[in-house]
Amino acid sequence: MIWTALIIIQVLLALFLIVTNRSRSKEEPPLDKGFVPWLGHAIDFGKDAATFLTRMKSKHGKIFTVRVAGLYVTVLLDPNSYDSIIKDSTSFDFTRYAHVLMKRIFNLHFPQHNPETEKAMMRQHFQDKSLITLNRVMQKNLQALLMSEVCENKRNWKNDSLFSLCYSLLFRAGYLTLFGDEPEENGNISISKEIFQEFRKFDALLTKMARTTLKTNEKKVASTVKERLWDLLSQNKLNSKMNPSSWLESYRRYLTAQGVDQKMQQRAMLLQLWATQGNVGPAAFWMLAFLLTNPEAMTAVKNEFHKLTAEVNRTCKVQTVRPEMLEKTPVFDSALNETLRLTAAPFITREVLQTKTIRLADGREYKLRKGDRICLFPYLSPQMDPEIHQEPKKFKHDRFLNADGTEKKDFFKDGKKLKYYTMPWGAGKNVCVGRSFAISSIKQFIFMVLTCLDIRLCDPGSPMPDIDAGRYGFGMLQPQGDLEIQYKLKSHL
């Protein structure tokens with residue numbers, strides 16, 4: 001009986017290996033399956049995608065296919081060729097993989113989800129007059145929350161951790177701006193703090209939820225924190241909000257019209273909370289961290305802000321500067337673009353719907369198989385490509401400035417001018433809908449910090465914290481550790 005069972009297992013294993021085995025045809029990209037059957041390179045890919053894909057690029061070139069947990073993923077690292085994928089919505093689909101992640105991370109299932117209709121609805125709330133309104137409400141909320149941090153003792157130095165400060169203030173201000181105010185007096189501060197604390201627990205497990213690698217105890221934590229966040233974002237809670245944004249009201253109507261029940265609406269709200277607030281705080285942290293560790297860059301940005309405030313009012317009070325007036329800041333914009341170049345690392349992933357031959361910019365052609373995935377990783381190229389950006393690991397606040405102070409847009413690879421020389425917001429139809437609001441929020445926050453506060457590192461020699469390599473592929477990177485800072489209100493305020 002035992003021998004029979006062993007024979008059956010061996011036969012099944014042999015059949016499994018035969019079915020899952022794959023060889024490369026001459027028309028296809030180089031194939032690297034790894035040494036472990038089925039699993040392939042999944043561990044290295046998840047542990048540190050940038051290091052792993054850099055190694056694969058050195059071995060195979062700018063296009064190759066790797067096996068990852070039973071899937072075959074073709075990785076393309078040539079920005080001159082990205083449009084062959086981004087513009088082809090017939091052969092390559094974004095929504096199927098997005099639905100997989102929505103279910104894994106948010107327990108969310110949209111049977112009639114139409115991303116194009118949803119984006120068209122959302123886009124109108126992040127542009128023109130709606131964007132101006134959002135920016136002004138965001139400014140008010142940022143001021144209130146920032147002042148609440150320094151009101152206890154305005155003139156003495158306060159110790160804090162930079163990442164925690166940036167993430168907390170921007171997340172909470174953004175949440176209040178989009179989801180509305182609390183009806184209770186002083187409720188904005190306490191409720192926004194509670195939802196942020198719960199969100200941080202959720203965010204810490206997000207990549208493991210996406211990869212289905214949660215340990216038993218982590219599954220319990222994830223389940224508990226999601227239940228808590230769903231409750232905080234329930235219909236009853238949202239109905240009690242004061243001054244909700246037009247975006248929130250429109251999105252709720254959209255979900256109802258799509259036939260989404262209340263349980264799924266709560267889960268959709270958590271998805272939107274992450275999508276709108278999960279990257280802005282980390283981006284502001286990295287920029288302030290780079291400025292605090294690069295005195296020349298800090299001086300350049302402060303000088304630009306000082307000229308701006310001097311044009312409006314001889315005093316340096318934040319409330320005298322409207323958000324729209326922060327649009328003409330080329331030095332800041334260059335420093336922000338440089339920050340995002342170094343720390344924005346999303347994957348652009350599509351499912352191959354039909355066998356497709358793609359033509360690269362150098363003329364070579366490769367066949368992609370139906371059912372595979374194609375992945376672009378702009379962090380490696382163009383953003384960290386030494387041919388495009390000299391000394392790519394170094395922060396240069398003026399990298400995106402011409403000598404005359406205008407924005408630099410001319411970057412080259414293989415002798416060709418690049419359309420995509422940095423891609424923090426994605427590209428094509430799936431570019432981030434709320435990027436203008438996100439940029440404005442970061443700019444307002446850093447403007448307030450630098451014009452309202454004296455801020456310094458506790459240890460002037462503190463190095464930049466290392467990157468959490470497990471976050472590659474999920475938008476803005478986050479640090480391992482933090483930077484300890486001190487701040488206080490400026491003496492003239």
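For all residues, glycine too, the Cβ spot is worked out from N, Cα and C.
Remember, TrEMBL labels are computer predictions, not curated facts.
Since this is a predicted model, take the numbers as computed values, not measurements.
Copied over from TrEMBL, here are the features:
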BINDING   ARG104, ASN279, ARG373  substrate binding site
BINDING   CYS432  heme binding site
SIGNAL    1-25  signal peptide
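The binding-site residues under consideration are ARG104, ASN279, ARG373, CYS432. Their Cβ neighbour counts within 10 Å are lowest for ARG104. For the substrate site listed in the record, the two most distant Cα atoms among ARG104, ASN279, ARG373 lie 25 Å apart. According to DSSP, ARG373 (substrate binding site) sits within a strand segment. ARG104 (substrate binding site) sits 21 Å from CYS432 (heme binding site), counting Cα to Cα. For the pair formed by ARG373 (substrate binding site) and CYS432 (heme binding site), distance between Cα atoms is given as 21 Å, rounded to the nearest Å. Cα of the residue listed as 'heme binding site' to Cα of ASN279 (substrate binding site): a distance of 11 Å.
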